[in-house]
Amino acid sequence: MNKDELYDVTIIGGGPAGMYAAFYGGMRNMKIKLIEGAGELGGFLHTYSEKTIWDVGGIPPIRCDKLISWLAGQALTFEPTLVFNQRVDDLQRQADGTFILRTNTGQQHYTRTVIIAAGRGITELQKLDIEGADRYELTNLYYTVQDLSSFRNKHVLISGGGNSAVDWALELAEVAERVTVVHRSTEFRAMERNVASIHELTNIRTPYQIIQLHGQGEQIHQVTIAHMTNNVTERLDVDAVIINHGYSGNYGSLLNWGLRIGESGLIVNEQAETNVAGIFGAGDCVTHKSKVRLIAGAFNDAALAINSAKRYLDPEAPGMAYVSSHNERFRELNKKLYN
Ligand SMILES: Cc1cc2nc3c(=O)[nH]c(=O)nc-3n(C[C@H](O)[C@H](O)[C@H](O)COP(=O)(O)OP(=O)(O)OC[C@H]3O[C@@H](n4cnc5c(N)ncnc54)[C@H](O)[C@@H]3O)c2cc1C
């Protein structure tokens, strides 16, 4: 290994936790690499990129895609090395205490510490499990809603019963001619007020599931749904079908590294340390007593993980980064901002 290839910190995952860790690690003068399984930074935020976010401290209501670009911009401040389209699969500690990370492309990455910021793991949309359904994906079978106005005056069928499905059903009810919500259970896992509203504003079919799509050319024009217990079926006319069955997350072999894993994720202590020296955790993949599963919580975890990684490498280092308002590292950057 060439000495230049050894990083102080390698961050696994480029969601809010990973991006903020990349920035904060730069602030602490550390040599940072971030490896992301997808082709871009942003993590889970891409799944609701058209939504408006209100609850990130100090940031006025902002469309999530804009927040992603701001976070990514901040992550690049100290020019970390970014690696995309590689899923970290394997970790090995060397005799000198450093680690080798191996990815699905066969590449090796050398690092003195690791921050796992893997969120829900590599996520995949739960697709509709009906043979041939994929051929409608280019026409009127949707897994995300990018443009509400494209459903104007249409009959839309939405399948799903979580927060996101209920949310979309309500937004669609304002533009579509008719919205039918199909869900396998009679219970919706969403805010009470929203559940009450969908009962008012949409046609509910519960407990039902989609069992067949009927196409005319490349378009779905009817859907057969079946009652979950008595199998009674109904055939409904539709212009568009939206599937909102959530995501499956896969941590792959991350879980086989001797790390302690609890019911809600990777167990870390109040300093973001895992049970393995030199490996830290941040963001939605971790669990600790006061874990906050919000973007703001991911930032906090990331700062803790970086501070702990710094102290692991240099026990004499201060416990936290010097604040940005009085930090030499920003002197030149501030000049560029204001001149
Ligand atoms: C529908 C929904 C709406 C939400 N709305 C809000 C909101 O309004 N406000 C708010 O504050 N929070 C919201 N959240 C929560 C917020 O999205 C999460 O708290 C946040 O995304 C967690 O960030 P993270 O970096 O920990 O993980 P993620 O955003 O999940 O990012 C993890 C990244 O790690 C990558 N990865 C995983 N495994 C590997 C591997 N082995 N190798 C390489 N890369 C890997 C993944 O590809 C992913 O990009 C919402 C969540 C959901 C589900």
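Each Cβ is built from the backbone N, Cα and C atoms, and glycine gets one as well.
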Candidates Val9, Val88, Val238, Val241, the one TrEMBL lists with Glu36, Tyr48, Asp284, Ser325 as binding FAD: Val88
Max CA-CA distance, Å, over listed FAD-binding residues Glu36, Tyr48, Val88, Asp284, Ser325: 35
Which of Glu36, Tyr48, Val88, Asp284, Ser325, all binding-site residues, has a Cβ with the fewest other Cβ atoms inside 10 Å: Ser325
Where the C-beta lies under 6 angstroms from ligand 1, the matching binding-site residues among Glu36, Asp284, Ser325: Glu36, Asp284
